[in-house]
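Visitor: The structure under discussion is supplied below as C-alpha cells; questions concerning it will follow.
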Amino acid sequence: MKQYLDLLNRVLTEGTEKSDRTGTGTISVFGHQMRFNLDEGFPCLTTKKLHLKSIIYELLWFLQGDTNAKYLQEHGVRIWNEWADENGDLGHIYGYQWRSWPDYDGGFIDQISEAVETIKHNPDSRRIIVSAWNVADLKNMNLPPCHAFFQFYVADGRLSLQLYQRSADIFLGVPFNIASYALLLQMMAQVTGLKAGEFIHTLGDAHIYLNHLDQVKLQLSREPRALPQMKINPDVKSIYDFQFEDFELVNYDPHPHIAGIVAV
C-alpha cells in the first residue's frame with residue numbers, strides 16, 4: 001500500500017531520533033494521516049504477509065469486552081502475552097473501555113452499542129465516538145491504549161471511520177491497526193445497513209524502532225501488489241454475533257513475512 005510505504009519513507013527521511021519507554025530507541029515524526037477507500041480493496045499489507053488470524057481474533061476479543069489473554073491464547077494468538085500477568089489478565093484495556101466504561105452513577109456505558117444505535121437512528125451526529133483513553137483508569141491498564149479513540153461519519157449511505165492513534169509502532173503495530181479498524185468499519189457498516197466508505201488513520205507519535213530499520217528497508221524494496229477483498233458473512237446482523245469463520249480474505253498475495261522484535 002503506497003500510503004504505508006510513504007509513511008515509512010517520511011519517517012526515514014524526516015524523522016528525529018528519540019529515546020523511548022522501552023529503551024530501544026526510535027526514529028519518529030509527529031502527526032501523519034493515511035486514507036484508505038475500501039472500494040479499492042481491503043487494506044491488508046502486501047509488502048509483507050500479515051497474520052490475519054491474530055487480527056480477527058483480537059478484534060472479536062475487544063468487541064466481547066474481554067481483557068484476559070486466555071481467549072486469544074486458546075486460539076493460538078500470542079500478541080498480548082508480553083503484557084499479561086500470570087493469570088492472563090491485562091487490566092482495564094480496550095475491551096473494558098469499549099463495552100464497560102464506568103459512569104458516575106455506579107453503572108457502565110457500552111460505547112459500541114451506543115455507536116451502533118446512533119449510526120442507525122441519528123446518523124448525522126458528530127458525537128459517534130468510542131474512546132479507550134480513560135484518564136482516570138490508566139493506572140489500571142497493563143498497557144495504556146495506543147489507538148486511543150475513533151469516530152464514525154455517515155454520508156450518502158456510506159459509513160466512514162477515523163482513528164486517532166497516539167503512539168504508532170509503524171513496522172509491527174500499524175499494519176495490524178489498519179487491517180483491524182478497516183475490518184471493524186466493514187462490520188459496523190453491515191450491521192447498520194450502510195456501505196463501508198473510508199478508513200482514515202491519524203497518527204500522533206509515528207515511530208520506527210531502531211532495531212526494525214533493516215526490516216523497513218527490506219519492505220521498501222518490495223513492490224506493492226493488488227489489495228485483497230474481505231468477504232463477510234452477510235447473515236450476521238449484530239456486531240456481537242460475528243465469529244472467526246464469518247470472514248474470508250480473498251486474493252491475498254503478499255510478499256513473505258518479515259520478523260521483528262516487539263519492544264516491551
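Using N, Cα and C of the backbone, Cβ positions are placed for all residues, glycine too.
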Visitor: From the candidates Asn134, Asn177, give the one listed by Swiss-Prot for the same dUMP site as Arg21, Arg126, Arg127, Arg166, Ser167, Ala168, Asp169, His207, Ile208, Tyr209.
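Guide: So the dUMP site in Swiss-Prot includes Arg21, Arg126, Arg127, Arg166, Ser167, Ala168, Asp169, His207, Ile208, Tyr209 plus, from the candidates Asn134, Asn177, Asn177.
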Visitor: Applying a 10 Å Cβ distance cut-off over all chains shown, what neighbour count does Asp169 (dUMP binding site) have?
Guide: 24
Visitor: Sequence gap of 6 or more, Cβ distance under 8 Å: name the residues on the same chain that satisfy this around Ser167 (dUMP binding site), in order along the sequence.
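Guide: Listed in sequence order, they are Cys146, Gly204, Asp205, His207.
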Visitor: Measuring CA to CA, name the entry from the binding-site residues Arg21, Arg127, Asp169, Tyr209 that ends up nearest His51 ((6R)-5,10-methylene-5,6,7,8-tetrahydrofolate binding site).
Guide: Asp169
Visitor: Measuring CB to CB from Ala263 ((6R)-5,10-methylene-5,6,7,8-tetrahydrofolate binding site), give everything in the same chain under 8 Å that is also at least six residues away in sequence.
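Guide: Correct list: Asp20, Thr22, Thr24, Asp169, Tyr209, Asn211.
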Visitor: List the residues of the same chain that sit at least 6 positions away from Arg127 (dUMP binding site) in sequence and have their Cβ under 8 Å from its Cβ, in sequence order, or write 'none'.
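Guide: Counting only residues 6 or more apart in sequence, the Cβ neighbours of Arg127 (dUMP binding site) under 8 Å are Thr118.
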